[in-house]
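Presented below is the structure to which this report refers.
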């Protein structure tokens, strides 16, 4: 096997070490003539770095380019990275809060649902990777090319809203972790300021290459895994109840809200766009069927392993709180901030207090998810409206939109603990509203032969994917309805909420059918 790197503007071959360190955000789609292509490359010079290229000696001239090379552990290692960055969205502070509440209120009974929900999320993410590898363009770029202008702007606006909402949750999670680890020295608002600025440090690491950056994320994921595994070992959960919870489906009316939360959080709108772009950090020629299929095989393995690890981490958190707080008076009062203190009271300090172990894991989750959110924002903006910004500028814009409401809540939080929970509930509502605007474009385009060619999904997989998407959308719709019903006070407000919900559902169906008609007319 020979490994080489190719610069976007220079075809000179580099060394193996340089190949392992080369980052490559996807470039814009090729234009109709060379002059426009050169101009486009000049405008996006900051993205004109190197892609990791994995080329087999078997792929020489005169060799069948549709052939797939034998499996190689070395090549799998070179493809490893994008799936782990994608998996961070399954481990963000919002997910951890859902895990602890599911464990405290439902015990072990929802572990089976967590497992199946992770599997559903894996399928959606594999489709996202598939569309990126097979077309050489990420989902936001394809939406700009395939949809009418108004639809592209709508999808971009919704994706940006979802991203800002996710960023606020991630900043809050990191700020809480900083307060825990500083033993209260830094209040929440100070943690918000620190978190809003430290993202730029991680972006600086990109200058040293994609493998260095991926290594940093590997350290953060390992930190989460070790922290929550330590907690799992300290808690000593009941093994029999754990396996029963995993293998025996069980759902009661008292735990329906937690079940909805477990399923609803597996699809993050910005993550669907992100994964389709991350897979292009490796040099793959979409015109060569064998190369594309090989890349899809390796990315499928890598993504499956990454989400298996994320599932184990979520399982650790859920079982720790199930063992310690299921059926207790504190179960309904647990949140990210007070969880550490409750853990300390329940399991004791020990050699290394569990409070700080929780804080370390939470900090790793918040920090990793904030950086991937910045990357997602870069791809979303560049893809939908063809505006390329330096990542530090993009991070500044996103952070500015996130820090203002977070700071307001952080300052109010000093007087009212309920304010943080209220903000998180509204942010979950915001995320739920955005989900159809990511899933519908993905599933319509990945099944379109004019876009995917021979790599379009088959009818069976398409039906399964649409079933999962419909299930996730319905579940999130239930979450919306449940939230608004609990917040409704008065007949007039209830009528407004009901009318708004009906209008939203009608709009989603209308958007879907309009997009399908447009795509069919375009194909004709």
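Note that the numbers count up from 1, one per residue, in the order the chain is shown.
Cβ atoms are placed via backbone N, Cα and C, with glycine included.
Here's what TrEMBL has on this protein:
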COMPBIAS  1-17  compositional bias 'Basic and acidic residues'
REGION    1-47  region 'Disordered'
COMPBIAS  33-45  compositional bias 'Acidic residues'
TRANSMEM  76-93  transmembrane segment
TRANSMEM  105-127  transmembrane segment
TRANSMEM  147-166  transmembrane segment
TRANSMEM  186-205  transmembrane segment
TRANSMEM  217-235  transmembrane segment
TRANSMEM  255-274  transmembrane segment
TRANSMEM  295-317  transmembrane segment
TRANSMEM  355-376  transmembrane segment
TRANSMEM  396-414  transmembrane segment
TRANSMEM  426-446  transmembrane segment
TRANSMEM  466-485  transmembrane segment
TRANSMEM  491-521  transmembrane segment
Listed stretch, out of 147-166, 217-235, 355-376, 466-485, that has the most CB pairs under 8 angstroms to the transmembrane segment (295-317): 217-235
Contact between the transmembrane segment (105-127) and the transmembrane segment (217-235) (at least 3 Cβ pairs under 8 Å, separation 6+): no
Stretch in 76-93, 255-274, 466-485 most in contact with the transmembrane segment (217-235), if contact is a CB pair under 8 A: 76-93
Among 76-93, 255-274, 355-376, 426-446, 466-485, stretch most in contact with the transmembrane segment (147-166) (C-beta, under 8 angstroms): 426-446
Cβ-Cβ under 8 Å with the transmembrane segment (466-485): same-chain residues at least 6 beyond its ends: 120, 123-124, 257, 260-261, 263-264, 266-267, 425, 428-429, 431-433, 435-436, 439-440, 443, 497, 501, 505, 508
Tertiary contacts of the transmembrane segment (355-376), as residues 6+ beyond its ends and Cβ separation under 8 Å: 85-86, 88-89, 91-93, 96, 163, 166-167, 170-171, 173-178, 180-181, 195, 198-199, 202-203, 217, 220-221, 223-224, 227-228, 230-231, 270-271, 273-274, 277-278, 336, 339-341, 343-344, 349, 391, 394-395, 398
Same-chain residues at least 6 beyond the ends of the transmembrane segment (76-93) whose Cβ lies under 8 Å from its Cβ atoms: 3, 20, 52, 54, 118, 121, 125, 129, 166, 169-170, 172-174, 176, 210-211, 214, 217-218, 220-221, 224, 266, 268, 270-271, 274-275, 278-279, 281-282, 295, 298-299, 301-307, 309-311, 313-314, 336, 362, 365-366, 368-369, 372, 375
